[in-house]
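Some features that TrEMBL has for this protein:
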type: COMPBIAS; residues: 1-13; note: compositional bias 'Polar residues'
type: DOMAIN; residues: 505-597; note: domain 'DYW'
type: REGION; residues: 1-23; note: region 'Disordered'
type: REPEAT; residues: 87-121; note: repeat 'PPR'
type: REPEAT; residues: 188-222; note: repeat 'PPR'
type: REPEAT; residues: 289-323; note: repeat 'PPR'
Amino acid sequence: MEAKQLQQEQQFYHQDRESQSHTHSPAYQALLRAGPRVRPLKQVHAQIVVFGKYKNLALLTKLLTLACAAGSIAYTRRLFLTVPNPDSFLFNTLIKGSSKFGFSNDAVFFYRGMLLANISPSNYTFTSVIKACADLSASRLGRGIHSHVLVCGYGSDSFVQAALVTFYAKTGDLEVARRLFDKMPDRTVVAWNSMISGYEQNGFSKEAIGLFNQMGEWGVKPDSTTFVSVLSACAQLGAIGLGCWVHDYVVSNGFDVNVVLGTSFINMYSRCGNVIKAREVFDWLSEWNVIAWTAMISGYGMHGYGKEAMELFGQMRVHGTRPNNVTFVAALSACAHAGLIQEGRCAFASMKQEFGLVPGVEHHVCMVDMFGRAGLLNDAYRFIKELNPGELAPAIWTAMLGACKMHKNFDLGVEVAEHLLAVEPENPGHYVLLSNIYAVAGKMDRVELVRNLMIRRGLKKQVGYSTIEVDQKTYLFSMGDKSHLKTNEIYHYLDELMSRCREAGYVPAAESVMHELEEEEMEYALRYHSEKLAVAFGLLKTNSGVAIRIVKNLRMCEDCHSAIKYISVVSNREIIVRDRLRFHHFKDGSCSCLDYW
């Protein structure tokens, strides 16, 4: 195989030497001056034809490369079809260029053209076309090309292996990706990055961090790409300890904190509960793109700092950065969580009027959520009724149902629930919300009816869990969890803690359980919710004065929200909880959300 690869490299070098004789020709110089700009390239193309150079492969290869870089893939394909005898160098150049500049389908097109021309692909070919398959999430096609890799004898090529790891990771087949990764004799930083990123992007953040630690044990030095994936994993887990370590490493080792890496730090700090540090990183950047602005606006919004989010939104526009659809989701969400109704209306109107953007489901959900949280249920319902039938996604009705529960509007809640159950009868979340609405209204017979309906349909409420990071290690708790080695100690401490809370005035919230229980049973069911267990563990295992940081996968229930306010008093600690919707900063008996979540 090595002899084969050497032969191909010699062929490339030979072709390159042949093309050197044309690099000083007027046509070649004209191509260089034209650069990746379509109109000048077409003018030079005309000159090449006029002067009879239309069969010169070196000139045509350069022209095709620049046309692809200019983003005119249609012109590139038309031009390619005029080439009489394209060689392996031209095919490889086109496959790589198409893949590099985001024309993945065209990379596959040129690869197939190469095979039809009976030209053998090289490791250079496979690396690029496999990347294209990864970008397309073309699982079946990629597997077919993997087979072709093995037939052609490139299964042990390190660059092809790294590309295959990326492909399988991106298409969600982490088992195959990891098997290939573990078989690699020489794992480059690219291969490590591909596997870490694969874990992180598929929701396996703990595994991503574990592999990052293993990378250090193997003596492989991380690069900026590594840190972008690791910081994203830290953000998902709320692992601020590791995130801070990465920040210190990046600064002490002189890494260039560009806008991509900087935005990763902003997201990490925001999602780990330290929005002040996120803003410090934002202000420290030398340049900002729309993603960086959006990340900081979103960070403010999820912490309930709506005014700060909207001020930054205004600065972004003054700065000359055009907001995109994601930016508006962040701004509208910030308005919803802070009760900024007028600002939200203005932002939503400006999407169409000022920027010509078409609102999507996420924007409509934010608007219904904003009206609903503020108690403007009629405005929320009117907004829904004004939408076209095709725009009425289930998520919009879910937001409306949540608002009905929040403001105890029983009649409207039942009507909305009927819409939801008609369009998504298999979603257990809708039944749970409806059950809670019945419970708030005191209609326990209906609660039991909904519960039995769920049982008959085999539906189960999504399991809630909470995580906490202590000494750069993440611990997970679920309701009534007894898997921890210190279970007895945690439960005993939590019992003492809740007893002190009761003395301070805490009363369990009856509506937080899904069906009727005796008072003593109800209190037991509520006491051992995952976030309470995580808080108790955090208080036990950290020093006095250290803030407790919890990540919850679902919306925090009313009882836990009330209980943790009291816990912050009796323990004299700040407790920060990130639930599915936003952040809650508990301190001295109050929450940053002002009970508005």
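Cβ atoms here come from the backbone N, Cα and C positions, even for glycine.
Keep in mind that what you see is a predicted model, and the values were worked out from it rather than measured.
Tertiary proximity for the repeat 'PPR' (289-323) is limited to same-chain residues at least six positions away from its ends with a CB under 8 Å from its CB atoms, namely 259, 262-263, 266-267, 269-271, 273, 275, 278-279, 282, 330-331, 333-335, 337-340, 343, 347, 355, 578, 582-583, 585, 592-594, 596. Under DSSP, residues within the repeat 'PPR' (188-222) fall into helix, strand and coil as 26 helix, 0 strand, 9 coil. In the predicted structure, the repeat 'PPR' (87-121) carries a mean pLDDT of 92.
With helix defined as DSSP H, G or I and strand as E or B, the domain 'DYW' (505-597) counts 37 helix, 16 strand, 40 coil.
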